[in-house]
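Chemist: Got a structure for you, written out below as structure tokens; questions coming shortly.
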Amino acid sequence: FFTQTGFPCPNLRNPSDHFLRTINKDFDEKIVKSSKATRKTAAEAIDILTQAYQSPAYLEKTVSKIAEMKQINGGASFRRREQASFSTKLLVLTRRSFMNMHRDIGYYWMRLGVYVGIGLCLGTIFYQVGNSYSSIQVFKRERMSGHYGVAEFVISNTLSATPYLALIAVIPGAMLYYLTGLTKGTDHFAYFVITLCMCTLLVESIMMIIAALVPDFLMGIIVGAGVQGVLMLNGGFFRLPHELPKPVWKYPFYYISFHKYAVQGLYKNEFMGLTFPSDQLVQANTTISGIQVLQEKLEVEMGYSKWVDILILFGMMVIYRLIFFVVVKIGEEVRPKMRKMGRK
């Protein structure tokens, strides 16, 4: 039907998704503004589809199909079904999102390839570094159509994205971890991978908030890079905590930067339990413990374990997802009012 009317469904795309995209009016303003736009507006598509549906040839087939379905149903008339339950919506959205991520090469597979390349690059540059002291916009469209709620989208997106983010963390992480010769042990490697996974989830959560606030794709990338850069610079890696200016950069940016907890957790994972030759100290033939390095050289907060750092990262990820939920819900209320004001 879509092919005959001039709206063929692309390969590997869900027909219902294609139908919703074809008749959705959310992108009509962009199409009208673009002088080179060849795609028909939603209003034009609806007129074409309506005329084709009401044509004698197709209408006769439709009436015949409805009569056949009524006979299967015992002759009873069709009743409008109640809206699906929360759990059903969540299951369907999770499955659909997972399949879309699997099919789209640019979604996670290309990122996996890039991260593998980065892992190889860093791993070979710091090969066996040693441990001596001297070397230390779809969501908005379907939501406005009323097909599902914000809560279902947030939860399903998190569930469907987590396996791919875990894959991205494990493969490049393993290459980087063992090439550089970091502390051996399954528990140390597991912590390293979990931290990477939590960081990727946090980055995605921040970018989802920015995407909900910033309408333009390019502007969103610029704003996202700026936010990530500010958080990274104040995470205690490039400058030690006592070196950060206290107004603004240490309070509050240092404490709200997820890089702080990721870096300190990784430091604890690597240095605790180790001993290093103190060849740069005044005393000869002495050693320095990993805890001394953490406390005196890296200024790591030792009042809690590395697993608390993981819990803090997880809590920050949940908070960012809740912020995204609130931003979208507020946007649903504000956007229609702004459109009405613009028309006036």
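A Cβ is built for glycine as well, from the same backbone N, Cα and C atoms used for every other residue.
Just so you know, TrEMBL annotations never went through curation; they're auto-generated.
Pulled from TrEMBL, these are the listed features:
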| type | residues | note |
| --- | --- | --- |
| TRANSMEM | 108-129 | transmembrane segment |
| DOMAIN | 137-271 | domain 'ABC-2 type transporter transmembrane' |
| TRANSMEM | 150-177 | transmembrane segment |
| TRANSMEM | 189-210 | transmembrane segment |
| TRANSMEM | 310-331 | transmembrane segment |
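Are these features on the surface or tucked inside, and what touches them?
Modeler: For the domain 'ABC-2 type transporter transmembrane' (137-271), the number of residues in each DSSP class (helix H, G, I; strand E, B; coil) is 104 helix, 4 strand, 27 coil.
Here the transmembrane segment (189-210) has Cβ contacts under 8 Å with residues 157-158, 161-162, 165-166, 168-170, 173-174, 177, 182, 220, 223-224, 227-228, 258, 262, 265-266, 269, 306-307, 309-310, 313-314, 316-317, 320-321, 323-324, 327 of the same chain, all six or more residues outside its ends.
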